[in-house]
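Before any comments, here is the structure.
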């Protein structure tokens, strides 16, 4: 971890601990490499009442490089059924890939994903879900997504 | 590991009841590192970042991190005024913090400060105004004597220096630089300037000349001596440039490093990383009011490289691949068996079609995993566990839209 990423993550953590935006809670942050946060869509939406868990992995080049963000999929957690979220938890969102900017932060990512879920009119998986999940790399950062649909 | 270090300052150090102060603190911070601007530079779009931060960011994307307008690192301009504003605010910050602290804490603070090393006693005229305007927050108004003591400019969360050994490191209350506590007073007396070191200006200049002009250095020198009038003793050092490393040979890169008196150890990749990081450090350093010496920069570079090596090693460890699958299977047989059993012993779903398919998936997964196992025990949906072309996956969220692209 370089000095800049350590310091920045410490600040972000302090900020998150002092108070998260509505619907977002810090579940676990034992170190400065992996954090778990839960997000929930507040208000009327197709995900009403569902709580999802996000895993953030920060590399040594954070915030210059984007963090790896996936929905946790295990016995107790499921990925939301959304046209940009694969059933293995990988998210197809431009801000996590080519559109990442170092001014974004953990809470900014959470808010973006929250609004991505909130604006979803119908629960469905991406059309190529099976194909992707079969061949998906371990980290979504190694997949080359094509971002084309900015309606949801 | 203490994840929230005590020396991390944050806009929320100010009470939430004073949002204007929180906003002021936040406005003087770089959006990339979330720390106070260090050598701020202005971009053509009007946004400002620390020189180092923006140079690092530009090495990834040549655009402004805030508004995504295209930027080149040649178009960065020092923002000296903002740097002064930040320094002035840093001087005032501990005072404001003390002034707005609830009385309980403040009294405690004042007591512990009396045994502390006195910082520079910067008394601001407008402090009274500050306190007066926040009447409902600050009910406690210290007596003159007490206030004198309470205005030791330190961050609220820091440990008290009274408890610190003279050899321990402290952060300068003005420029937030780290140093042994015994050096702090001297440092403050120098107005936060770096200790004067015997820096041979000529040596550096020559190095840059040879770097920039190549062999022309020998000719250049006498002309300067005879022709031009005597220049100021230390002309502003020239900025270093990043080269197009991948078209350079290893020998060229080694020469570059030698010219900059950097180490030439390691692979070509390591050397390129070293040179390009040093260029960033060096150029960012020129944008600060108190530039560090070359020696300090090289030290920083070495620290960065050591950290990077450690990260790389950890990454390698994580990516360890199973070479001998047979042996791996034998060694982990127990675990595999228990996983297979746990899946087989799952209650079989009875009715709905959806659950039947997932049961079918579970069976397929068990069959497939006989030879090789993925780390995740979750069986559905079935995975083709042999991943070929792992990094070459092109994914379309919605294949119906592909033509539109």
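Heads up, residue numbers simply count up from 1 along the chain you see.
Cβ coordinates come from backbone N, Cα and C, glycine included.
The feature region 'Disordered', as given by TrEMBL for the ranges B:181-210, B:211-240, B:241-270, sits at B:211-240.
Record note: among B:308-334, B:335-361, B:308-334 is the stretch given as region 'Disordered' by TrEMBL. Across the domain 'SAP' (B:245-279), DSSP helix (H, G, I), strand (E, B) and coil residues number 25 helix, 0 strand, 10 coil.
When pLDDT values are averaged over the domain 'RING-type' (B:30-68), the model yields 91.
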